[in-house]
Structure formats: structure tokens, C-alpha cells
Amino acid sequence: MQAQIMSAEEFKLELSKKDAEIERLHKMLLIHEEKSNIQIISHQIEDAKPKEEIKHLTKEDVGRYSRQLILPEFGVQGQIKLKNSAVLIVGAGGLGCPAAIYLAAAGIGRIGVVDYDEVELSNLHRQILHTTDRVGISKSMSIAQSCYRLNPSVDYVPYHLQLDSSNALDIIRNFDIILDATDNVATRYLLNDACVLADKPLVSGSALRFEGQLTVYNCNGGPCYRCLYPRPPPPEAVTNCSEGGVIGVVPGIIGSLQALEAIKIASGLGTSFQQRLLLFDALDGTFRSVKLRGRSKECSVCGESPSVIQLIDYEQFCGSRATDKDHQIKVLDDSSRINVKEYWTMLQERTPHILLDVRPIVEVDICKLPHPAINIPFTAFINNVTESASQIVQEVKDLAQKHQPEASASTINVPVVCVCRRGNDSQLAVEKLQKELAGKGVKVLDIKGGLHSWSKEVDPEFPVY
Ligand SMILES: Nc1ncnc2c1ncn2[C@@H]1O[C@H](COP(=O)(O)OP(=O)(O)OP(=O)(O)O)[C@@H](O)[C@H]1O
Ligand SMILES: [Zn+2]
């Protein structure tokens, strides 16, 4: 049998994939060589056991922490309390980075950092403890390394794993204060319940677009997250930074405030945000603080007769995933989909078709396929499928007229090809369009994996976002 011969383009693509893999391995090697610098590097839970109580400050401590030691409210006792405290940061992203560096600088005794993910280029505008040369390596390790450089006297415990119901209590029990620096509802409920069950204060932050929020749950008899939100929001009502965008400074501010509250709690100064919610609006330049309801007797986890007495399946409870890793839905069968290479062939062969791009206009400005497209953003499309469909049919007819002037309406041979960023919205749009155009003889196809696949499999120079 004759071996299949690759084209020059395919060789280039293979090479660029191998180069990327070699670069990633180099970075992993570098990070492993640097590991010995970090006092606790294993993510084995047993390694996070508390060490002996510290009763005095060293000469080095006095020098390093002098500017906070001379605060009468804080003093030597405050610093000793910090040195004997362990804080766990869950999420090594936009909130986790600023929180970690201030906790490290202040001299918290032990800092745990949990994150299952690796650094990506699109993280760096806000996840400021990671660096360009660490793209592809563990985020929790990257934070530990950056913090170690600022303050090597702290014990760092990076956990490169996803916090879930099977490990959360074992990890959390080793720490005194927990920071929620994650970005999804399932993990928020998981952390809340774990903190209630393990009796730990939870400093919770969030940041999206130009807005941020901060509050402290389960602290000194204050409410927990479930007291305020007994039921999760519908999954479609929740947006994260990769969909909604965020200005990097906003999580910077909220994450710093999370560190501040943890420092206050650890040093005995208490918190200002138990039963209070801070709302930061970067566009208005305003900070507002609103009082929240107190602990609810009916709360299913911290109330008088709780029904949640152990951790549950939070993805099922919330109807949404606890990670935002490239989640690909599949609503169409293969006859309604083409892959990016097939679309590339269509372009090479100049096959007449209508390209429908359902991304928001702001994303179309970032990059687009090398073919003119009709742009109808997904939300606008869904809100008015009938009108969108008739616009598309008109375009199909005009193009068919140009290429097949003799063809009758029932034999239109101009397909509509739909694209979006990752191939999820485009599938939903194709499904709707197929229903709307049933019987009209118009073929509607989805490009599998969208622009992400285009960049991976056809054009490595194509920008990904
Ligand atoms: N259950 C979990 N266990 C461990 N880490 C988690 C969990 N849930 C979320 N995270 C981490 O929390 C961090 C949140 O960071 P951030 O909100 O800045 O978004 P991101 O996921 O890094 O980036 P983007 O949303 O732009 O892709 C991420 O690094 C994510 O991996
Ligand atoms: Zn509660």
C-alpha cells in the first residue's frame, strides 16, 4: 500500500505542533528544576500538615515586616498570628494572583494554591504572577514560584488538581481561611458547603467585565452562600471572563481586597465584610457596600436542621460544569457538519456558499475567516430567527442567481456555512436555521470546532482568543 504523501502545508502544520510540544517540555523541565526552591512542592495532602507554633519573630522577620509591625492595631502579636496561619486560595487566576502575592508579602505562614489549569497567553493581562515563558505550565506552581521570589520564608503548597467533592474537605481542613478565587457556580457551592462543614471562613470574590464583588461567608455566625442563594442560577444566566471579558485591574483590586480581609481575619482584626457585600464599578469609579441578610435558620447546610451534611455532586446540583475548559456540545449529527479542512477545501475550490458568522461584532473585529461573511450575532439571531432566516435566504438566492441563473428555486445549490469561536453557538444556530428553513431546499452546515479548530488544524498563524 502506498504511504499517504503530505502536502507542504501539512508538513508545516505538523512541524509547528511538534515545536510547540518541545517548547512545552522545555518549560516543564525548567519548572521541575526550580521546584527545589519551593519549601513544600508536593500536592500530596499529607505534606500540608501544620508545623510547630511560632512564638517569636526573628531578626529577618522584624526587618521584613517592620512597616506593618509598627501599626498599633497589628504589632508583633498580629505578625505572629499571621506566621501561624494557613490560607488556601482556590483558583490561581485573575483573583488568585493578586491575593497570593499580598498574602505572601505579608508573611502568612502557609499558602496553599489549588488550580487544575495551566497558564495560557490570554490569562496574562490579568493573572500577573504568571509570565510569558510559563505559558503551558501549572498555574498553582507558577504562583508558588512567583511568591517564593518575593518571600521565601513562607511555605507554599501548590495543588495541581481540580477541587471537587472527593478532595475538598481533606484539603480545606489543613487551612484556617479559604479564598474563593474561582470562576464558576459549581465550585462556589462546593467551597461554601465544604467551609461550613469544616467550619472555616470563606473570603469570596468575583470579577467580570468592569465590575467586582467581595464578601465573607461563614464567619462569626454570619450567613453562608446558601443562606443568601439557596438555589443556583440557571446555567444560561452565568457568564465567565472567557465569554464576557474583563479589564485586568478589576480582579486585581478584588483579589487584593480578598488578601486584605484574610490578613485582617488571621491577625485578629476581624472582617468588615461578614454579612456585607462590596460592589465595585470600575466605569463609574464607585465602591458601594450593602448589608446582606443574616444566617438563615432554614439554610440547607448551615441552618437548624441541615439536609446537606456531606458534599454532594455540585455539577449536577448547578446543572453546569466546574471547569470552563473547551467544552464542546454536540447537537447536530455529522451530516450537518463539516470539519475545518473540508471548509478549507471549499475555499480552495471556490465553492459558492454563504458564510454565516454568529459571533458578537466585537469578536469579528479581532479576526475572521478569509471569506466574506454575513454577521448576525448569536443572541440577535436567537431573538429573531425568522427575520435572520429570511435575510440569509435572500443572500442564498442572490448568490445562486449569480452562479446558477438557470436553476429553479427547488434546486438551489448554495449551502449556508455557519461559524463561531468554538463551534457551540454555530451548532445551535444551524439547528434553529434548519428548522426555520425546512422544506426550502437550503443546506445549512456547521464548521466543527469553529475558529479554534481552524487555528489548530488549518492556519497556525490565525489568532485564537
Ligand atoms: N474546581 C476548581 N478547582 C481548581 N481550580 C479551579 C476550579 N474552578 C475554577 N478553577 C480555577 O480558577 C481560576 C479562575 O481564574 P479566572 O477567573 O481568572 O479565569 P481563567 O479560567 O483562568 O481564564 P478564562 O476564563 O479567561 O479562560 C482558573 O485558573 C480555573 O482553572
Ligand atoms: Zn447557610
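Note: Cβ is positioned from N, Cα and C throughout, glycine not excepted.
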Residue from Asp115, Asp133, Asp176 that TrEMBL also lists as binding ATP with Gly94, Ser122, Asn123, Leu124, His125, Arg126, Lys139, Asp183, Asn184
Asp115
State the Cα to Cα distance, in Å, between Cys227 (Zn(2+) binding site) and Asp183 (ATP binding site), rounded to an integer.
20
Cβ-Cβ distance under 8 Å to Ser122 (ATP binding site), same chain, at least six residues away:
Ser242, Val464, Tyr465
Looking at the domain 'Rhodanese' (349-463) alone, can you tell me the average pLDDT?
93
If you compare CA-to-CA distances from Cys420 (active site, cysteine persulfide intermediate) to each of the recorded positions Leu124, Cys241, Cys299, which comes out shortest?
Cys241
Please identify, among the recorded positions Cys224, Cys241, Cys299, Cys302, the one with the smallest Cα-Cα distance to Leu124 (ATP binding site).
Cys241
Rounded inter-Cα distance in Å - Asp183 (ATP binding site), Cys241 (active site, glycyl thioester intermediate)
8
Which three-state DSSP class does Cys241 (active site, glycyl thioester intermediate) fall into?
helix
